[in-house]
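Comments concern the structure below.
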Amino acid sequence: MAEEQPQVELFVKAGSDGAKIGNCPFSQRLFMVLWLKGVTFNVTTVDTKRRTETVQKLCPGGQLPFLLYGTEVHTDTNKIEEFLEAVLCPPRYPKLAALNPESNTAGLDIFAKFSAYIKNSNPALNDNLEKGLLKALKVLDNYLTSPLPEEVDETSAEDEGVSQRKFLDGNELTLADCNLLPKLHIVQVVCKKYRGFTIPEAFRGVHRYLSNAYAREEFASTCPDDEEIELAYEQVAKALK
């Protein structure tokens, strides 16, 4: 007889109306992980201005997101992800860890470069900060267009050419994608709104990656509305003056 699954509930940051999903890449990351695991779960949005008594009791002063697994409360996004990968494991649930360690770090400096770019108000520094962001995006593009070891035919003398894989670590979404994609989505939305910047078409690997990701429900349906992201960055994004 199959072991009964404990109740799983993910508490995430609510949007401006206190009900819909707000801007939080960590919340989206865990939302994606649970969806990809194929586990039955509930998502509860928490209005940070008006935390209910139930939420306060479960996680007093705790940072969002947090997870209720049965009667256990889990905090810290990285630890929650590790916990879910350990308890929701094969054969009943898919393993989501990337095969290639490099996939876990690909593109991870993009968000820091983006933050520096968007928070800058000095026009004299803008070009260099934009170049820094472009350089980080180019590194990701190179990774996405370079064949993974498993794509290389050792017996062939021919050049393997450009990788056509859909995601960071192959044709299936992994924990690496759950970490990177929510951040890349924020970069796209905020840069377009506050800097008129879009990811260059020349970065075909990045565009292919995003196109494949938006075609997946686990990513597209967990994204907050663009307006929520824009609102979250309204005070953060500095006007150039």
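For all residues, glycine too, the Cβ spot is worked out from N, Cα and C.
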Candidate annotated in Swiss-Prot as phosphoserine, out of Ser115, Ser211: Ser211
Lys13, Lys20, Lys193 - the residue Swiss-Prot records as N6-acetyllysine: Lys13
Residue carrying S-glutathionyl cysteine as stated in Swiss-Prot, selected out of Cys24, Cys223: Cys24
Binding-site annotation, Swiss-Prot, glutathione: partner of Cys24, Thr77 in Leu10, Leu36, Leu64, Leu96: Leu64
Lys79, Lys95, Lys131, Lys183 - residue that Swiss-Prot labels as N6-acetyllysine: Lys131
Residues of the parent chain within Cβ reach of the motif 'G-site' (24-27), under 8 Å, 6 or more residues beyond its termini: 10, 12-13, 64-65, 77, 182-183, 185-186, 224
Cβ atoms near Cys24 (glutathione binding site) (within 10 Å, other residues, all chains): 24
Three-state composition of the motif 'G-site' (24-27), taking helix and strand from DSSP: 3 helix, 0 strand, 1 coil
Tyr233 (phosphotyrosine): secondary structure state under DSSP, collapsed to three categories: coil
